[in-house]
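Data block below; observations after.
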Amino acid sequence: MNKQPNRILEKIGICSQISFVRYMQGIKALGADQKLFIEDLWFEKVPVRIYQPKAPSASPRRGVMFFHGGGWVFGSLETHESLCRSLARRSESVVVSVGYRLAPEHKYPAAYEDCLHASIHFMKNAEHYGVDPAQISVCGDSAGGNLAAAVSQTLAGRADLPRLRAQILIYPILQALDFNLPSYKQNQAIPLLFQERAAFYVLQYLNGNSSNLEQVLEGSHIPIDIKLNYRKWVSEDYIPERFKVRGYKPHVLLDCSTEVYETVKRFCEPNLCPLLAEDAVVQQLPESFILTCEYDVLRDDGLLYKKRLEDNGVRVTWCHLEDGFHGIINSFNSEWMSFSSGKRGLDNIVNFLKSL
């Protein structure tokens, strides 16, 4: 019998597994902060939490739009409260955390649209919060990194808004064409994100269900001709050899049925999978920071995007945690389990922000 409390509660009809995890994630409150003004607001009908340093500043501050991780299904303003406070205090920036709508109740593009609309609102009203409109960056971890990349691509073409100063992508998920890249195979059963869970979450975001999970995992959800078309950007060929030494074996290309492809064809949209954006868009992107972890199924998404950005003349600061795993940044000051590599990663993010 499965003893997990969330499974038991689901079986006896008290709540769903997703609802239980969300409830547990939202329990802890940190209280007031001596160095920050913290306020819950609404930007264009989207809930946000804004963190403003209390110390006076001689000039307008940097602004950071932050999108939390959680596979588009979990995560909230509360789960990333400690991280956002630390970013605001240590980088002396105004941080805006976005409480975007979650899947499966709200499917793609709901989360992307919420993050985009909140960002545009902040960019138009930056001076009201003591922020320099030319010093606003987007930042996110995991699914939040996906949203930050998608928002950055959309805003790159907007002539009516200030140019984003930077994008900060923390172990982002950036494509759903190939769940058999080296990092997916090497780390498929390593916490905190399993290969199967990554595919499950992106299907929840896309369709609100996990049907076709098996096809997505084996790679039979996208026709071969389309996969070949995108191999110029999504391929193990562009992963440096040193990342393939841990027992990786190339995956055989599989074709797919028209019926399956019809359910997932939006995986080819850059707003969902930013790695598939055209070069003309990538060339316009701002200075970028990408953090990857060795023991993370999403490592290669970050590596492939780093290459695309550099190939298109975008300046990239890359931080790779050789002893890191997915989700480690959020554990930088955990009371029960803290990792030095998480602190090291956060230090790199803060130093990058302060260098802008």
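Going from the start of the chain as shown, residues are counted 1 onward.
Using the three backbone atoms N, Cα and C, a Cβ is placed for every residue, glycine included.
The domain 'Alpha/beta hydrolase fold-3' annotation in TrEMBL covers 64-209 (among others). In the domain 'Alpha/beta hydrolase fold-3' (64-209), the DSSP tally of helix, strand and coil residues is 62 helix, 25 strand, 59 coil.
Marked as active site by TrEMBL: Ser142 (among others).
Residues annotated as domain 'Alpha/beta hydrolase fold-3' in TrEMBL: 264-329 (among others).
Taking the Cβ of Asp296 (active site) as centre and 10 Å as the limit, one finds 27 other Cβ atoms among all the protein chains shown. What TrEMBL records for Asp296 (among others) is active site.
Annotation comment: TrEMBL describes His326 (among others) as active site.
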Which same-chain residues, if any, lie at least 6 apart from Ser142 (active site) yet have Cβ under 8 Å of it: Gly69, Gly70, Gly71, Ile170, Tyr171, Pro172, Ile173, Leu193, Leu298, His326, Gly327
The domain 'Alpha/beta hydrolase fold-3' (64-209) [mean pLDDT, rounded to integer]: 97
